[in-house]
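Structure, as structure tokens:
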Amino acid sequence: MAAQSYYNGAYNSPPAYEQHDHTSDQFNRVSPRPSPSPVAYNNAPYYQSDDPHDPNSLRYSQQSIGSDNGAYVAGGRINEHDQYAENIPLKSANPYGNDHPPQPWMQQPTHYAPDPGMMEPQVPMRQKKKGFFQKKIAYVTYILTIAQIIVFIVELVKMGQLTGSPIQTKPQFNPMVGPSAYVQINMGARYTPCMKNVPGVQNATQQVLFPCPNATTTDSDCSLSELCGFDGVPNPHPGGSLDDKPAPDQWFRFIIPMFLHSGFVHIGFNLLVQMTMGADMERMIGWWRYGLVYLSSGIWGFVLGGNYAGQGEASCGCSGALFGILALFVLDLLYGWNDRQNPWVELIIMVLGIAVSFVLGLLPGLDNFSHLGGFTMGLALGLCVMRSPNALRERIGLARSPYVAMSGGVAAENADPDQNKTSTGSNIGGLGKFNPKGFFAGRKPLWWAWWLVRLGALVAVLIGFILLIVNFYKYPSSNCSWCYRFSCLPVNGWCDQGNLFSR
């Protein structure tokens, strides 16, 4: 009965859709037709509608990343109080700001950066200077150049006062276009009779006279002391011997001639090389290395010339010192041979320059022995004071920072000042902080082998210098009877100018 009354009750058939009250059901309400977006999505990809029924609203959007080529909008819940809003963040809008997005991983470079320790140190950029001070000032080069110019002006003035002309024209013309050799001797050129007893002077059987500094003829009217100048030297007397005491002892003629020059051609060529190649080398290796090689090469050259050149030949000029600097350029080329773009071209240019200089050394007033001696000393000292070859530094794991350790070089001026503050050791003569224990610790066998080469070069030049000095003062004349021809041309009697006695 109950079941029959239920199925046969007032509701014999279910109510129609139209008979249902839709206003009271908040979950089954028919949503109004969504209104179109005010702008197309393709034209405004970041447009966000406030209407939740907008198909472009973020409430109903999960755009396909793979199919959408446009910019991605910010997904996720916009209204935190809307329980039906999606909260799945896909991608933030414009994550790179104004920068470009990174390349795909397949297009990114795969090579690794080189080891910083094996690279040349980066020189920090400084504010560029204009004019004469654009580069680092080569103080030693400029001081030497100024001194040599002043001395040459004094030579010309003295020559003009003594002879009436600053340039020698009588009894013969000076091919270097400058003062006579007698004025140069009087001002300190290397002249063997003013430095020691020589055959044909101290052991002469009759009085020996020399040309005067003001001579314009071939006459000899002055004594040796008047020609040598300064405080004078003991004059030889007839019937003397090579053992006479006191003997001439103007040893400073091994040093002073570096500041004297025999003419405009001589000083012009030397200063051109000195102000270009010399200044560049000083900037590269530092003032104290440059000054050491310059002075040592010049002195060594005059010592060698005093032993083997003609004893009656006067010699002056800084050519020997410049040949020592040229030797440093040769070493620098050989050290970095594989790093040079055209090493053979540079070597050929250097060889040609050396050959031309030796040809000029055959002219009066110049000395090829000074050139040879200066070049030899430059090579030996270069091995001692310059950096190691690049190939050796790479094998023993040293960075290519040549001249920072003891300052004064091209890398030292750009060195980090904080690094100098933190280094330990003693500051010797302002040359930089040096820590012997840390310097020699952990060195490899190749490093020690190269330092043995350096030590051998230093010992060799010291022994050679001592032997040449002893030989110069021990033996009155050279044991090589033909060596003097290496420094003169047998024309116009040039080789006879050095003859004080018959050979």
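Using the three backbone atoms N, Cα and C, a Cβ is placed for every residue, glycine included.
Some features that Swiss-Prot has for this protein:
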- 1-136: topological domain 'Cytoplasmic' (TOPO_DOM)
- 1-11: compositional bias 'Polar residues' (COMPBIAS)
- 158-253: topological domain 'Extracellular' (TOPO_DOM)
- 275-283: topological domain 'Cytoplasmic' (TOPO_DOM)
- 305-316: topological domain 'Extracellular' (TOPO_DOM)
- Ser319: active site, nucleophile (ACT_SITE)
- 338-342: topological domain 'Cytoplasmic' (TOPO_DOM)
- His371: active site (ACT_SITE)
- 387-449: topological domain 'Cytoplasmic' (TOPO_DOM)
- 471-503: topological domain 'Extracellular' (TOPO_DOM)
Cβ neighbour count (within 10 Å, all chains shown) around His371 (active site) = 28
By Cβ distance under 8 Å, which residues at least 6 away from the ends of the topological domain 'Extracellular' (305-316) in the same chain are close to it?
-> 181, 184-185, 188-193, 195, 198, 254, 257-258, 260-262, 365-367, 369-370, 373, 468, 471-472, 477-478, 480, 483-484, 486-488, 495, 497-500
Would you mind pulling the DSSP three-state label for His371 (active site)?
-> helix
Against which stretches of its own chain does the topological domain 'Cytoplasmic' (338-342) lie, if we need a Cβ under 8 Å and a gap of at least six residues from its ends?
-> 390-391
Could you give the number of helix, strand and coil residues in the topological domain 'Extracellular' (471-503) as assigned by DSSP?
-> 13 helix, 0 strand, 20 coil
Same-chain residues at least 6 beyond the ends of the topological domain 'Cytoplasmic' (275-283) whose Cβ lies under 8 Å from its Cβ atoms = 135-136, 138-142, 145, 290, 294, 322, 325-326, 328-329, 410
By Cβ distance under 8 Å, which residues at least 6 away from the ends of the topological domain 'Extracellular' (471-503) in the same chain are close to it?
-> 172, 181, 193, 195-201, 242, 303, 305-313, 361-364, 366-369
